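**Q** Quick one: this structure, given as structure tokens, is what I'll be asking you about.
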Amino acid sequence: MARAMHTVWIALVPTLFVFLQGINVKAATFDITNQCPYTVWAAASPGGGRQLAKGQTWTIQVPAGTTGGRVWARTGCSFDRSGRGTCQTGDCNGMLSCQGYGQVPATLAEYALNQYMNLDFYDISLVDGFNVPISMTPTSTNPNCKGRITCLSDINSKCPSELKVNGGCKSACARYNTAQYCCTGASANNCGPTNYSKFFKGQCPQAYSYAKDDATSTFTCPSGTNYKVVFCG
């Protein structure tokens, strides 16, 4: 029995260690600011959504351990008093307060908090296309933190005609939905850049231009860092 209990204890140590680490990590604060010369409807998953006129800021708290988090701007929206409506880009099921991810195209600020080696991972992604310029800035002064990343190019004005939609620029994956462009199926483990992804990378070198663009597009900060996301700035 003693040996059995010892075996169980050893098996639980890694889980307990991760749990105890998580206790000391607070929720991250995200300040989301609109510096565009037009109104946007900010969206966050988790977090919901809110209308932001130029200069306004929306602050949300995101629990430690959150994965698959993202922030984006919606444009061309109209909502009724109940919070139902539509957006030209970034729409999330017709809801002002988003309960999930939005529709393409949308420029994304993505993150995963308190992950491997007690790090946050963050990036800007054009895998879902582009609608609004964006920057993401950790507030930490830790030298191990990458710092501000941006995608401030006016991609909409330069978008290839076959990817252009009202208010945005689709990615090739969103436009064609093929294994080659989406890095799925036969291309899942052997997926390189295409002329389309090279276009996006040329406009925003720090951003994901396609699904496997990890090497130059993923950044880290120590867990417990807060972040600022700014549209058009």
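Glycine too: its Cβ is placed from the backbone N, Cα and C atoms.
From a predicted model like this one, the values you see are computed outputs, not experimental measurements.
OK, Swiss-Prot features for this one:
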- Cys36-Cys232: disulfide bond (DISULFID)
- Cys77-Cys87: disulfide bond (DISULFID)
- Cys92-Cys98: disulfide bond (DISULFID)
- Cys145-Cys221: disulfide bond (DISULFID)
- Cys151-Cys204: disulfide bond (DISULFID)
- Cys159-Cys169: disulfide bond (DISULFID)
- Cys173-Cys182: disulfide bond (DISULFID)
- Cys183-Cys191: disulfide bond (DISULFID)
- Asn195: N-linked glycosylation site (CARBOHYD)
- 1-22: signal peptide (SIGNAL)
**Q** Nearest to Cys87 (disulfide bond) in three-dimensional space, by Cα, is which of the disulfide-bonded residues Cys183, Cys191, Cys204, Cys221?
**A** Cys204
**Q** Calculate the distance in Å between the alpha carbons (Cα) of Cys36 (disulfide bond) and Cys98 (disulfide bond), and round it to a whole number.
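**A** Cys36 (disulfide bond) and Cys98 (disulfide bond) have their Cα atoms 21 Å apart.
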**Q** Out of these disulfide-bonded residues, Cys151, Cys204, Cys221, Cys232, which one has the fewest other C-beta atoms within 10 Å of its own C-beta?
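**A** Each of the disulfide-bonded residues Cys151, Cys204, Cys221, Cys232 was scored by Cβ atoms within 10 Å; lowest is Cys232.
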**Q** Within a 10 Å radius around the Cβ, which one of these disulfide-bonded residues has the most neighbouring Cβ atoms: Cys36, Cys87, Cys159?
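**A** Its Cβ has the most other Cβ atoms within 10 Å: Cys87.
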**Q** Quick check for you: of the disulfide-bonded residues Cys98, Cys182, Cys204, Cys232, which have their Cα within 10 Å of the Cα of Cys191 (disulfide bond)?
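**A** So the list reads Cys182.
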**Q** In angstrom units, rounded to an integer, how far apart are the Cα atoms of Cys221 (disulfide bond) and Asn195 (N-linked glycosylation site)?
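**A** Distance between the two Cα atoms comes out at 31 Å.
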**Q** Could you tell me the C-alpha distance between Cys183 (disulfide bond) and Cys173 (disulfide bond) in angstrom, no decimals?
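**A** About 9 Å separates the two Cα atoms.
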**Q** Going by C-alpha distance, which of the recorded positions Asn195, Cys204, Cys232 is nearest to Cys98 (disulfide bond)?
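**A** Checking each of Asn195, Cys204, Cys232 against Cys98 (disulfide bond), the shortest Cα distance is to Cys232.
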**Q** How long is the line from the C-alpha of Cys169 (disulfide bond) to the C-alpha of Cys182 (disulfide bond), rounded to the nearest angstrom?
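**A** Distance between the two Cα atoms comes out at 16 Å.
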**Q** Check the DSSP secondary structure of Cys221 (disulfide bond), expressed as helix, strand or coil.
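**A** For Cys221 (disulfide bond) - judged by DSSP and reduced to three states - the answer is strand.
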**Q** What whole-number Å value do you get for the CA-CA distance of Cys159 (disulfide bond) and Cys204 (disulfide bond)?
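**A** Cα to Cα, Cys159 (disulfide bond) and Cys204 (disulfide bond) are separated by 13 Å.
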**Q** Please name which of the disulfide-bonded residues listed here, Cys77, Cys145, Cys204, Cys232, is nearest in space to Cys173 (disulfide bond), Cα against Cα.
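**A** Nearest candidate: Cys204.
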**Q** Have a look around Cys182 (disulfide bond) and count the other CB atoms within 10 A of its CB, chains all included.
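**A** Around Cys182 (disulfide bond), other Cβ atoms within 10 Å: 19.
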**Q** Please report the number of other Cβ atoms within 10 Å of the Cβ of Cys191 (disulfide bond).
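**A** The answer is 20 other Cβ atoms.
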